[in-house]
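To keep things clear, I will list the structure first and then write my remarks on it.
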Amino acid sequence: MRIGYGWDSHEFKKGLPLKVGGVELEHTHGLAGHSDGDVLLHAITDALLGAIAAGDIGTFFPSEDARWKGADSVVFLRAAMEQVHRAGYMVANVDSTLILAEPKLSPHAKKIQARVAELLRIEPNCVGIKAKTPEGMGTDNAAIAHVTVLLLRRANKPRARMTAAAHAKRGARD
Ligand SMILES: [Zn+2]
């Protein structure tokens, strides 16, 4: 069993599309960044890579690399999921807190939850999406995301044939 933590922030700029958790939201401002600025997907990507001690998003996708200019951040998340898979793990659940003044995320939380669940190959009830406003932080022009993720060891084929008792014993050890 592994725990991972990720954090990210991006600045709002007028006229850019706003993407949060792989979902495009209607808003006057979007998040600036080398890629599409999806603050939630970046924090999830870092949490996944952190959980398996595989560096961070910049290790795999350096911001100075022109290939990632305006990139869909789903690409980064998929690459992190591939690393998680190769390391022998799968996602158990993820929790997140977004901090932003605008727009209100609660009307979109279900859609973001469903999209993130799909990308992480887990059920929506294993994805926590929480949003807060930046009270007293002076970060009204930024979106911030904090993410924790829990990984479980993937059962490979021989293990899949283990008895329930052996699984329980193994679970206790992991
Ligand atoms: Zn980012």
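Placement of Cβ uses the backbone N, Cα and C atoms for every residue, glycine included.
Feature annotation from TrEMBL assigns domain '2-C-methyl-D-erythritol 2,4-cyclodiphosphate synthase' to 1-151.
Secondary structure from DSSP puts G58 (4-CDP-2-C-methyl-D-erythritol 2-phosphate binding site) in a helix. Annotation for G58 (4-CDP-2-C-methyl-D-erythritol 2-phosphate binding site): no spatial neighbours, criterion Cβ-Cβ under 8 Å with sequence separation of six or more. Residues or ranges marked as 4-CDP-2-C-methyl-D-erythritol 2-phosphate binding site in TrEMBL: D8, S9, H10, H34, S35, D56, I57, G58.
Note: H10 (4-CDP-2-C-methyl-D-erythritol 2-phosphate binding site) has non-local neighbours L31, A32, G33, G37, V39, H42, A142, A143, i.e. same-chain residues 6+ apart with C-beta under 8 A of its own C-beta. Under DSSP, H10 (4-CDP-2-C-methyl-D-erythritol 2-phosphate binding site) is assigned to a strand (E or B) in the three-state scheme. Positions annotated as divalent metal cation binding site by TrEMBL: D8, H10, H42.
Here TrEMBL flags H34 (among others) as site 'Transition state stabilizer'. In the three-state DSSP assignment, the secondary structure recorded for H34 (4-CDP-2-C-methyl-D-erythritol 2-phosphate binding site) is coil.
Residues annotated as site 'Transition state stabilizer' in TrEMBL: T133 (among others). Secondary structure at T133 (site 'Transition state stabilizer'), as computed by DSSP, is coil. Around the Cβ of T133 (site 'Transition state stabilizer'), the number of neighbouring Cβ atoms within 10 Å comes to 13.
Taking the mean position of the Cβ atoms of D8, H10, H42 as the divalent metal cation site, the remaining same-chain residues with a Cβ inside 8 Å of that point are S9, L31, G33, G37, D38, V39, L40, L41, A43, A143, A145. Closeness to ligand 1 is met by none of the recorded positions S9, D56, T133, no Cβ falling under 6 Å from the molecule. Its own atom aside, the Cβ of S35 (4-CDP-2-C-methyl-D-erythritol 2-phosphate binding site) has 21 Cβ atoms within 10 angstroms in the protein chains shown. Spanning the residues D8, S9, H10, H34, S35, D56, I57, G58 that the record associates with binding 4-CDP-2-C-methyl-D-erythritol 2-phosphate, the maximal Cα-Cα distance equals 17 Å.
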